[in-house]
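J.: So TrEMBL says this about it:
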DOMAIN    1-187  domain 'Heme-copper oxidase subunit III family profile'
TRANSMEM  12-31  transmembrane segment
TRANSMEM  52-75  transmembrane segment
TRANSMEM  135-152  transmembrane segment
TRANSMEM  164-183  transmembrane segment
Amino acid sequence: GGVMFMHNYSGGSQLLLIGVFTVLYVMFTWWRDIIREASFEGQHTYAVQEGLRLGMILFIVSEVMFFFAFFWAFFTSSLARVFNIGGVWPPAGLEVISPWGLPLLNTILLLSSGATVTWCHHAIVGGLKNEAQTSLYLTLTFAIYFTALQALEYIEAPFSMSDGVYGSTFFMATGFHGFHVLIGTIF
């Protein structure tokens, strides 16, 4: 559905929505079952707990590999310049986003949210409920601002995903990261 949607095929958006809602339905019912089994039925034996731990570790490792692949694509393209992009990076004729504007502000927001979520963690461990709430609200505020500024950056970008390797690696890496921030904000 996602590929059909991106290529403007008939029915692509409907198929994409069906896929997204199916994944969301499976996620929520699966999580509901895990919570029921753990809270009410006491079915989480040591082996089940270890399996859940291993599953989380494998999930995190797979996410790291996604980002590794995106950075690999970027560094391969930028450091091993090839003739089909003019032997220069960024490709000739492409106007790029200055790193000193919105990207710098978003970096500051992300680092600040890391500090506030650490503050929240320490407040929870210390039993300081009000501090935990305050720091968590600050973290969520930073994440919402980050997402809004990321959307603004995409809207105002002077290039698109179809502008060769630069556009595709930029939007893939930053979009994947923005998606992670959005999911973290929601859940």
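Heads up, the Cβ atoms here are built off N, Cα and C, so glycines get one too.
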J.: Counting only residues 6 or more past its boundaries, what in the same chain has a CB within less than 8 Å of a CB in the transmembrane segment (164-183)?
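T.: Counting only partners 6 or more residues beyond its ends, the transmembrane segment (164-183) has Cβ contacts under 8 Å with 63, 66-67, 70-71, 73-74, 77, 85, 89-91, 94, 96, 110, 143, 146-147, 150, 153-154, 157.
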J.: Average the per-residue pLDDT over the domain 'Heme-copper oxidase subunit III family profile' (1-187) and send me the rounded value.
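T.: Taking every residue of the domain 'Heme-copper oxidase subunit III family profile' (1-187) together, the mean pLDDT is 91.
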